[in-house]
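Here's what Swiss-Prot has on this protein:
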- CYS60, CYS62, CYS75, CYS78: Zn(2+) 1 binding site (BINDING)
- ASP516, ASP518, ASP520: Mg(2+) binding site (BINDING)
- CYS841, CYS914, CYS921, CYS924: Zn(2+) 2 binding site (BINDING)
Amino acid sequence: MNEVNDFDAIRISLASPDQIRSWSYGEVTKPETINYRTLKPERDGLFCERIFGPIKDFECACGKYKRIRYKGIICDKCGVEIARAKVRRERMGHIELACPVGHIWFTRGIPSRVGLLLNLSTRSLERIIYYSHFIITAVNDEARAKAIKDLEVISSQRVADKGSEVDTRVAQMEAEDATVEAINQIRRDFSTEREQMEEDIQLLIDQLKDLQKGNLLTENQYYELKQRFSNVFEASMGAEALLKLLSYIDMDKERSKLIQETRSTSGQRRKKAGKQLQLVEAFRRSSNKPEWMIMTVLPVLPPDLRPMVQLDGGRFATSDLNDLYRRVINRNNRLQHLMEIGAPEIIIRNEKRMLQEAVDSLIDNGRRGKSVAVNGDHKAKSLSDLLRGKQGRFRQNLLGKRVDYSGRSVIVVGPSLKLSQCGLPRRMALELFKPFVMHRLVRDGLAPNIKSARRLVERARPEVYDILEEVVKDRPVLLNRAPTLHRLSIQAFEPVLIDGSALRLHPLVCSAFNADFDGDQMAVHVPLSKAAVKEARETMLSIHNMMLPSSGEPVVSPSLDMVFGCYYLTTTRPGAKGEGKIFGDFEEAKRYYEMGIIDLRAIIKVRDGKGNMLETTTGRIIFNDVLPKAVEFQNMDIPKSAIKKIIGRCYKILSSQDMAVMLDKIKELGFKFATSSGISIAMSDISVPREKTKLVAAADERTAIAEGQFARGLITEDERYNSIIETWMETTDRITDAIQAGFDKQGSVYMMANSGAKGNISQIRQMAGLRGLMTNPSGRIIDFPIKSSLREGLTALEYFISTHGARKGLADTALRTSGSGYLTRRLIDVTQDVIILQEDCGTANGTWIIEPKEKGMLPPLVDRILGRWTAHNVVHPQTGEIIVDNNEEIDEIKAKAIGEAGITEVFVRSPLTCESTHGMCRRCYGRDLGRVRLVDMNTAVGIIAAQSIGEPGTQLTLRTFHTGGVVGVDITTGLPRVEELFEARPPKVQSIISEIDGVVEVIENENGRHIRIASDEVYQDEYELPSGWKTQVQSRQWVDSGMVLASPELEGKSKAVVQSDQNVVARVAGEVTIEGNLITIKYSESEEREYTIPAAMQIKVKTGDTIRAGQQLTDGSINPQDILSILGRDAVQKYLVEEVQKVYYSQGVHINDKHIEVIARQMLIKVRIDSSGDTDLVPGELVDKFRYEDINAKVLAEGGEPATAHTVLMGITRASLSTESWLAAASFQETTRVLTDAAIYGRVDKLSGLKENVIIGKLIPAQCKSCKEATIERAERIAAAASAPAMSGLPENCL
């Protein structure tokens, strides 16, 4: 028998009425739910046991059959099948609707699918469906022709009759000798009357001719026409009419008609025909029928999915769906009754409209008109509301499940723990591991059965704790700190049982979790299965997660006290006890320190292991003892940055276990010496520099001059403002320099800031110098500086100005965190199916990585190429020696060699150019930065990329808070810029760019400012003459197109005429150059573009400049869509990567280019079809680039005409919604729209991404290579590194 879960794709499509009836176990005919006295479901009601199954396991409604032995029997008395009660979660019912009803998803969507198919506007459709207008459903052409003929006969008959009547009257008048005037008047009246009669008949004929299927008629028009021409046409209203029209559609004919229309029309009409064609193709390819968008049978959800529960006061709480179903059933029953008794048409029509509205409310309440409310103001939750939004079924229950075997507690620091350990409170561990402890108690014979084992555990006997110790030995636990921004926010640890109620966390993993000990809480999860335990131990243990996946930097680097302790340990103190003493080796120096003869930081001389005399300190000797032998003696002050570099270097030469031991030793050293340093901070440590008074007075003077010039009208408001800001910024910098110059290098404040433990020079300047300029809530700098320092105290006015900045910091924190989280969610969605699925895609393409022109704006070339694979040989520019072969990894040594060779650009493999049709290949991605090796197969690199970009987004957001609102770059400018780029939106301040290469001319006149770009491209056309041909033109001669340039030379004196088609003729007009047998015509083509420049924009070019296409003409940011249309795909990819990188790098956040490239690849993965050729593709359709190439290749192989298309740059939201997986798209945004489209197209989800597998409860298709499998590779690397030169010989970026 096939397993229920054994499937590899899910299809969604429209349900036919027959299919709905086949799902159903019976028709629900009554609106009742349960009997309020017996509390039993009413028969044929919404909770009927006969339809949906018994309420109690294996017990029918009347109680005749009880127990499992009657399973499957249907009670002859109450009609209930004997089964488990859980069938009430699966069994559906149905309602037979008295008249067809439109499904609101298909009638009211944008665009309305029914409207598009029938060529009706949404407004017209609404008029029909809600019974306000009639629509013609059929026209009898024969009857129409006959009616027209009859009308013409009647018309001529009437005219003839009237004519003879007039003739008789005229004859009579002539006999009575009437005046000529009177007779003429009668004739004139007849002429007018005849014209009126003909006009009336023509009007009726025109009305008949205008009757077309699908035309709308008002009620008056309908009755008027029906009275006269009842046999010519049929018209009706409501969903019934739409059902008829939809069932008449012949999809093949419609397709041919629309294809013709897309080829023969243009503009809006072509666009609409393209959309209609896509819809027709969708119905043709899927097995759906268009009439299924109109419902004649309504499915009823199983009752346990819309439960009704009794509350304490005898009242009932019920799902809103029951109320919505009740309304539908009531109206349906009433309509059936009215139709049976033959009620007037108007009453029936009104009841049909009410039924349509009831079904609309059930499916999607509030989409049309006023939403139905239950219990006063509470809006009823419809079926669509159950799916959409954060509380909907997708995001609340399918993607965010609750987890058992988990706990939560406050965290405290555990300085004595090993790196791979965490402290788990005994009581918590006992609850978490209860089943394991109970099993062990029974197995070891300490309890006879599980029940008594549970009692032992609940009484917490001493033997229970002994067994608990054994259980936790081989079971790691997962710790998670919310918000889970990247994969390092969940790590595995070996639990150590402790007393108390708080979790203990190793201090070195705090930065990975972004945790501190001010009341943070963390969750604990227990991996249950063997596979889960194996994965936790081999890939999730904290010792396997020491590097940041975003940049490859160490994440387990010491901080705060530990940094200060190591810095204090390695600094020198001039004049300290024992200074200048000489020792034979390190051990002797340490013994003297332990005996108290020399000071820890005294400068001494010692012979190292190689016999060289070193000038160092005992502290540095102690510090170097914990480092591996392969690392050269570190004879310098060790601040935070140096520790990071040392850890990065050691990671490459030590195993995970040795690395963990070394880190624990550094941690212990740091804590020990931070304690013995006796560091403290007092008011006396902060001294205001003497130069401050003079500098502030000079700045006041310059400010007064600027104010005076402004008062006299010599400068503008902007110039005054800029002058004041510049003055105070300069002054602030000078005061900062003065503070630095006057620092006590042995002082606590200086050491704290210099070591990188806490604080920076900006904060010290605010304490000792002056607070400086502040920003107001809008981000504008206030031109009134705070001249006091925090040491001196602020005046009342200064205090209130400073609160501006502080408040802005707090407000930004609250507002921007959500923005960053939403950006992360969109990034995750767009990349969730990017997984490493191929070893090598074999592409020869790549991307150029170029040394940035502006240092500090982008990372240096050496950092950007590290860990990438080359797409071309990297050759030394001077010697020609190959530094890196094609298709080889650039490691640290090769990267250093490239830097030293002065190479400024390298062609590397990139995710942007990877040709894997699904996911990505290992070579194009390169090194996994978190593991420092080539990325493993099945790694979810898309998720890693999204986390790497999103996690620092939140960090940047929160960073405003820590600077206390002092003037500086605020993420308010950074995060929206990143969002703008990833959403491919036009920038707020959009720069004008040139569409062509050419020479600039800036024009300024009364009509404003214009820039004209003129391009004169010189081309040449060459003609090679066979020998013996004679030229008919001279060099430098101007020739016109079509002029003869050369002809065959005739032999002898023959008079034969040369045929004109034998001559060489000029294809273009231009100037001739003749060189031997080669004639060249030089000609130029000129092109001009003119751009109007808005007054507020600053021009970046000047007259006479030569510029390239895509170059900026004005200030601002370039619209990525413009770059795509002018310079193409590669240029826009490069622009996106560099612009995003600039935002992060300027904030001091390091993200590897490849993460941004993964996102950019997803933004450009679709193409829009321009012409379909001989393929089944539809013009205007969005198709995956690789699928498009595949289809074209097949068509070309068969000798057909391929389709044409252009690349589309989509924002991450649009890209997520147009993903191949409808499950992933529906769980992201616009759930109902995605499901509507997917159902019509009959989409198949192949379950290739992560989200769709999580939704249906399968394992995700991403398994990393376990660390055990990687140990052999690592051992080889460590052996190679051990024989490598010592630390000083390695490049800076590998430290």
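Heads up, the Cβ atoms here are built off N, Cα and C, so glycines get one too.
Keep in mind that what you see is a predicted model, and the values were worked out from it rather than measured.
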Study note, to complete from the structure: Across all protein chains shown, the binding-site residues ASP516, ASP518, ASP520 give the max Cβ-within-10 Å count at ASP520
Study note, to complete from the structure: Same-chain neighbours of the Mg(2+) site, Cβ within 8 Å of the mean position of the Cβ atoms of ASP516, ASP518, ASP520 and not counting those residues, run in sequence order as ILE411, ALA515, PHE517, GLY519
Practice item. Determine, to the nearest whole angstrom, how far the Cα atom of CYS62 (Zn(2+) 1 binding site) is from the Cα atom of CYS924 (Zn(2+) 2 binding site). Key: 69
Revision key, fill the gap. Here the binding-site residues are CYS75, CYS78, CYS841, CYS914, CYS924; the one whose Cβ sees the most other Cβ atoms within 10 Å is CYS924
Check your understanding: Which chain neighbours of the Zn(2+) 2 site, leaving out CYS841, CYS914, CYS921, CYS924, have a Cβ atom within 8 Å of the mean position of the site's Cβ atoms?
Key -> GLN838, ASP840, THR843, ARG909, PRO911, THR913, GLU915, SER916, MET920, ARG922, ARG923, TYR925
Check your understanding: Cβ distance under 8 Å to CYS60 (Zn(2+) 1 binding site), same chain, sequence separation 6 or more: which residues?
Key -> GLU49, PRO54, LYS66, CYS75, LYS77, CYS78, VAL80, GLU81, ILE82
Exercise for review: Go through CYS62, CYS921, the listed binding-site residues, and name the one with the sparsest Cβ surroundings, counting other Cβ atoms within 10 Å.
Suggested key: CYS62
Exercise for review: Using CYS924 (Zn(2+) 2 binding site) as the reference point, find which of the binding-site residues ASP516, ASP518, ASP520 has the shortest Cα-to-Cα distance to it.
Suggested key: ASP516
Review point. Any idea what the Cα distance is from ASP516 (Mg(2+) binding site) over to CYS921 (Zn(2+) 2 binding site), rounded to a whole Å?
Key: 39
Exercise for review: Tell me whether CYS921 (Zn(2+) 2 binding site) sits in a helix, a strand or coil according to DSSP.
Suggested key: strand
Practice item. Sorry to bug you, but what's the C-alpha spacing from ASP518 (Mg(2+) binding site) to CYS914 (Zn(2+) 2 binding site), rounded to the closest Å? Key: 46
**Study point:** Sorted by sequence, non-CYS60, CYS62, CYS75, CYS78 residues with Cβ within 8 Å of centre, Zn(2+) 1
**Key:** GLU49, ALA61, GLY63, LYS64, TYR65, LYS77, GLY79, VAL80
Check your understanding: Cα-Cα separation of ASP518 (Mg(2+) binding site) and CYS841 (Zn(2+) 2 binding site), in Å?
Key -> 50
Practice item. Could you round the CA separation between CYS841 (Zn(2+) 2 binding site) and ASP520 (Mg(2+) binding site) to a whole angstrom and send it over? Key: 46
Check your understanding: Quick one: Cα separation, ASP520 (Mg(2+) binding site) versus CYS921 (Zn(2+) 2 binding site), in Å?
Key -> 40
